[in-house]
C-alpha cells in the first residue's frame, strides 16, 4: 500500500512540491532538491515508470510557505531525507488554502502546525481522511491558541506557573467584569495583584503583553510586541489597565533580565537557549550577522522533566515553550507549539535524527521495512581501555591547571587606618580573620580610602610616610588600571593581626611590634588568562571530547560529537568546578566552550556552567594548619640555596632525598646557587637597562606589547623584581625565583619581537633555579611532600573518592530522572564527568599524593615503576597540566568482583615550554604478566577503530586550522583479545575527519617490530599517547571491525620508530587557527602545543584506588582536626553573635515528605529512555543549586541529601582493618519500575559500616548543612562541632534545632551498653551495633536499609567515640554473623532508655523541624545554595 495509485496521482494539484530523498544521485551533497519545472502528475508518472526497488514512507509537510521554506525547516528536511526509506512532500500554500482536502496528496506521516492564516480546520479534516501518523497533534493546537487553555493544562500537569487570574469580558458588555483597579494594584476575581504585574491577552496570537510598574518605581508600563526591527517593547507612561478584551493577569517574575526558551523534539530531548528579556529595555541584541543574540544554557533536572511534561501534555513532538527563572524556581509562562532552534547545526542533526527514528519506528513495520533503531555508542558507552579491553566508561575525573596567564604581581603593606578596619568589619572580616575583596564595588571602596589617605599624607612629610606613600601610590595606580574593575584581574586581601604584623615580606624593618591591632593588606594583580591561554583551554576541551564514545555513522558531523549528543541527553552528568581565581574560571569556561561546541563569549558560559568552589576549600588553598610545615621546608630550602659553594653530596642528600631526575639535573646546572643568583640579578639589571633605553627611543613611544602591555608596565614589572630579589643585606630572596622565571618565560614567548638581549640565558638559569624551588616548596622529603599535599587537597581527595564511589548508584539517578528503557542492554547508564580547574598548588599536591602516598609498590609493579621514572623526569607542571582518572565497568564480571571496575590514571605536563621537547617522552606500557605473554596473539589495533568516512565533515570550529600529517604508528599484533562486545567497536570514531591529519592526543613511541601504518589509523585523532595503545596488553581485532562494518582495509606498511619519536606529539595549535578572524584570537602569539596524556597506570581496580584515597585522608584527619578545632575555639571567643557556623535560622514552610531511597518516583514508567538536552552541563543526579522547584512530583530536598550522604561514609574513617566496604548495586534493567532496586553487598557489610560509623571521630552534628559541606569536600575538622557551640548558648540550642539531645541520648545508650559489655564482652559487638540500628529507626521513623542509609542515620544522632572500648571495635567485623540474634533484646533496651530520657516523639519532631529548615534555607538563599547544594556535591 505504499505506492500512490493512478487516480490519486491525477487528482493532485500541480502546485504541490516534492522533496525527494538522497537516493537520487543528482541532488548533490545536500541530499534533496525541489522540482519546480515539472507538474506533479508528470513527476508521479515518472516514479511509476521507474518502480522503486524499495517501499517509501511519504512524509507530508503541511504549513504556511513562510514556515515550510524557513531555514531551520529546510536544514532539518535535508537531513531527514538521508533516511533511505523516507520521501518528503511539501504541500504548497495554494493547495492548503484553495484545494479541498480530498485533492491534497496523500502521505503516511504528517508534520502540520498552525501559524497566522493557516486553516487548521482543513488540516484536521485531512488527518481524519487519510489517518496519517501525526508528529504534532492537530486538535491540541486549538488549545495552544488560547492562553487560558494552556494555563489550565499546565496546571493540571502540576507544572509551576506564575500566580494568575483570568478576566473574561463579554464583548457586548465590557464594563461588566470582576476587575477592581487601584493605584498600585488590581483585583481580579478576588485575587489581588500588586504592581508590577503582567497583562496578557487570552489569545496566544496576540503578542501585545503589558507590564505595569508601581508608582514608587515611576509608574507607567512596558508594552511588549512581536519583534519589529531591533525593538521588542516600548515604555509607555500609561498606568491604567486595558478596558476592553479578556486578559490573564499574573504576577511579575524578576528574572535578572533573561528569558529561557526551551525547544523539545519528542518527550526525551530538549534544547534550551537564553536571550535578553524583551521587558528589559526593548532593544533586541543582535550579532554581527543580524541575528538575535542567544546563548545555550543548561536545564536543571526538574526543568527537563517540565520539558517532557509539556511535550506529552500538549501532544506536540516538536514544541517550544518559555521558562522564567526567578527566586530559585522555574515557571512556564508560555507554550508556543511547533518551534525550531535557529542556527544550531547540532540541533538540526539531532532533530532530524529523532524525527526520522520516530517515523521509522512507527511506520516501518507496516511496510515490512527491515529497520530498527540503531544501538549507538551513547546508549552504552563502551570504549576501549588503554589495556585494550572493551569496557563501559562510567566516570571521567580531570584536575586541570589553568591556561597561559600574564605574570602575577603582588604588594604587601600594613594598614592601621580606621577606615580600613571599618571596611574589614563591613564585609564580615572578623568572622574568619581574613577578607578577600574582588567585586567592583569593593575595590572601589578600597580605591576611595586610598585616595583619601594620599590626600592626608601630602600634609605630613617624613621618611616612613614617604615609604607608605609609595605603596599607596602603587595601590592607587593598580586599582585605576584599565579604567574599570572587572573583578577578575585584581583583588585585595586583608588579614587581621591582633598584635600587629610581626614581619613584612617586603623587607620593612619594623622597629617594634605595634601593640595595637593592624591589618595586612595584600594587593594582587596580573595573572589574567591570555588569549593564548584561552585557545589552549578551548582546544583541550575539543580534544577531551574524543575520550567519549559515539559520533560514528552518517550523523557524526565532526570529531567528538558523540560526547555532544551524549551531553544532550540525561546520560552525561557533567559538572565543572573552578577555584575563585579569574584565570582559573575563564580557563574552565573556555574549556567548556570547546568541550561542548558552544558559541559566543565566555562570560555567559562561565555564569551558566562553571561552579565556583571557593567557599568549601575544594580548589582554593587557604589552609593555615600546614603553614608551620611549609615554613620549615621553605626555611631549609632557603638555607641550602644561600650557600656560596658548589653543591656537595650532603646538599644533594638534603635537597633531593627523593632522587628526582629533573631535580638532580637542575642542581647539576646550578652548581653554586649564589653564583647563579648573582648572574640572574645581573641579567635582570641589564634587562631593565635595555627597557629604559627602548623607552627613550622615539620609535617605541606607541609600542604595544602582548596583551596590551606597554613598555612602562613591563619596566615596572621587572624593576619590582630587581628591587625585591636582592635584599638590603645582600642576600637573595629565593621566593622571588618563581616570579622571575614566570616573567622571563612570558616575555620570551610573547614579547620576543622586542629582541632584548640576555633573555635566553636568563630563562635558562631561572628555569634551573625554579625547577628546584617550585617543587621543593611542596616538601623536600617524601613525608613532607605528602603532608603538605594533603593539607592542600584533602577536600579534593575526598571529592574524587566520592565521585568514584557514586558512579554505580544509578538508583539515586532514577529518582530524579525518567530513565526509560529503549530496549538497550543498559538504558540508565551514565558517564559521570567531573572537571576541576585549579592552580599550580593543587596540581603539585595531587600528583605528590599519587607519587609518594603509597598507591602501589613500585618494587612489585613494573608499570608503576616506569610511571614514577617518567614523573621524576618531568621538571615543570606547566599551564594546562592534566591529571585524569577514568573509571570503567566490565559488565561481564561479577558485581562483587574486584575486576568489575577498572581505573586508569593519566597525566600530561601541560603546554610545551619555550624549549621544545623539554619534557621526557612517554614510557609506554605493557603490563608484565605471564598470562599475557602466554596467550595467543591476534592481529588488530585499537587505533584502527577509527574509520575515516568521506561523508564526515570536519569539526566546523577546526576547519580553518590545517594540521600537519602525522603518521600514527600501529602495532602489528596485539594479544589477548577479551571482553569484546557486539556493537561496541565504533569507539573513538568521532575522532576521524576528512582532514589529511589531525591532532593526536596520544604521543607515539613503539618498537620497530610493532610499527605499521594504516590509512585508517593515520587519519585518527586521539587524546592519549599511542604509547599506551601500542603497548597495550590486548586490543580489539581490526579485521573483525572491518568485517562488521563493511570497510576495506588499506595495505599496511612499516614505519620506523625514530620517525615517530621525533614528530611533535601534538600539533593542534597553530598560528593559522589563532589568527583566523572567525576564532576571535587575532594578535595571538604562537600558541604552544600541549603534551599528550600519558597513562601512568591502566590496571588499577576501584578497590585499590578507594582504599588508597581513604587511607590518605584518614591518616591526616586527626591532626588536622585538632588544629582546626583549636583555631576555631580561639576565633570563637572574638566573634560576634552572628557566627557563620551557627545553624540556619528557622524558616516556615510545609515540611517536606521523606521518601525511602529505594522508592521509585510517581512518574517513573516504561517509556523510551530520556535524552533531554540542555546545551550546557546538566546534572542527572541532583537539582541545580540556583533552581528549586515545587512541581507536584519532585523528590524532596531531604531525599537528595540522604542520597548524597550514602556516599559520604566512604570519605570518612574506615573500620579497624582499614578496609572500607563498598556496596555495588546491580543494573536495574530487569526490574519493573515499581520494584525496589536490588542491592548486593558482602556479608556483614552493613554491620561493618555501622560499627565503623560509631567509631569515627567526626564532629557531632545534626545540622544538614554540615553534611553538605562535608560531601563537597570540606575537611571534617574544618567544620566546627555544632553541638559544642549550641551547648555554649543554651537558648540558641533550645530554640533552634536542639541537636545535642540526640547526642546525649546516644551517649546514655552507649554507657548502658558498655556496662553490659563488661559483664559479657562476647556480646559487646552485637549490642553496640544493633542499638545504633534501632536508634536510627526510632529517631528517623523509617527503616534503615542494608548497606545504604546507615551513614546518615548515625551521622545525625552523633558518634560518641569515647565510650566504646577500642578492642571491641576491632572485633566487630569478625562477629557480624551473630548480630541478629539479640535484635529484640536490644530493641527493648533502647526503647526503655528512650522512654526514660526523652520521648521518641520529641526526637522525630526535631527531625521534621530540621528537614523544614533545610528546605526553606535552600529556597530562601539561592546564593549560598549555589555553593552548598546537592548539585555541587555530586
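Glycine is treated like the rest: Cβ placed from N, Cα and C.
Going through 79, 275 against Swiss-Prot, the one listed in the substrate site together with 66, 67, 226, 227, 261, 339, 340, 341, 342 turns out to be 275.
Cross-referencing 826, 961, 1149 with Swiss-Prot, the residue annotated as phosphoserine turns out to be 1149. In Swiss-Prot, the feature region 'Disordered' is placed on 1228-1251, out of the ranges 1108-1131, 1204-1227, 1228-1251, 1252-1275.
Feature region 'Disordered', per Swiss-Prot, maps to range 1396-1434 of the set 1357-1395, 1396-1434. DSSP classifies residue 261 (substrate binding site) as strand under the three-state reduction. Other Cβ atoms within 10 Å of the Cβ of residue 339 (substrate binding site), summed over all protein chains shown, number 18. With the fewest other Cβ atoms inside 10 Å of its Cβ, the least crowded of the binding-site residues 250, 322 in this structure is 322. The maximum pairwise C-alpha distance among 66, 67, 226, 227, 261, 275, 339, 340, 341, 342, the residues recorded as binding substrate, is 23 Å. The local packing around residue 261 (substrate binding site), expressed as other Cβ atoms within 10 Å of its Cβ over all shown chains, amounts to 19. Note on proximity: among 66, 226, 261, 339, 341, the binding-site residues of the record, the Cα nearest residue 207 (ATP binding site) is that of 226.
In the structure shown, the C-beta of 147 has more C-beta neighbours within 10 angstroms than that of any other entry among the binding-site residues 66, 147, 207, 226. Of the recorded residues, residue 335 (ATP binding site) and residue 261 (substrate binding site) place their C-alpha atoms 10 Å from one another.
The secondary structure of residue 147 (ATP binding site), as reduced to three states from DSSP, is helical.
Close to residue 322 (ATP binding site), meaning Cα to Cα within 10 A, are the following binding-site residues out of 66, 226, 261, 339, 341: 261.
Cβ neighbours of residue 341 (substrate binding site) (same chain, under 8 Å, six or more residues apart in sequence): 72, 263, 271, 273, 347, 348, 351. Taking all protein chains in view, 21 other C-beta atoms sit within 10 angstroms of the C-beta of residue 259 (ATP binding site). The two recorded residues, residue 339 (substrate binding site) and residue 259 (ATP binding site), have Cα atoms 16 Å apart.
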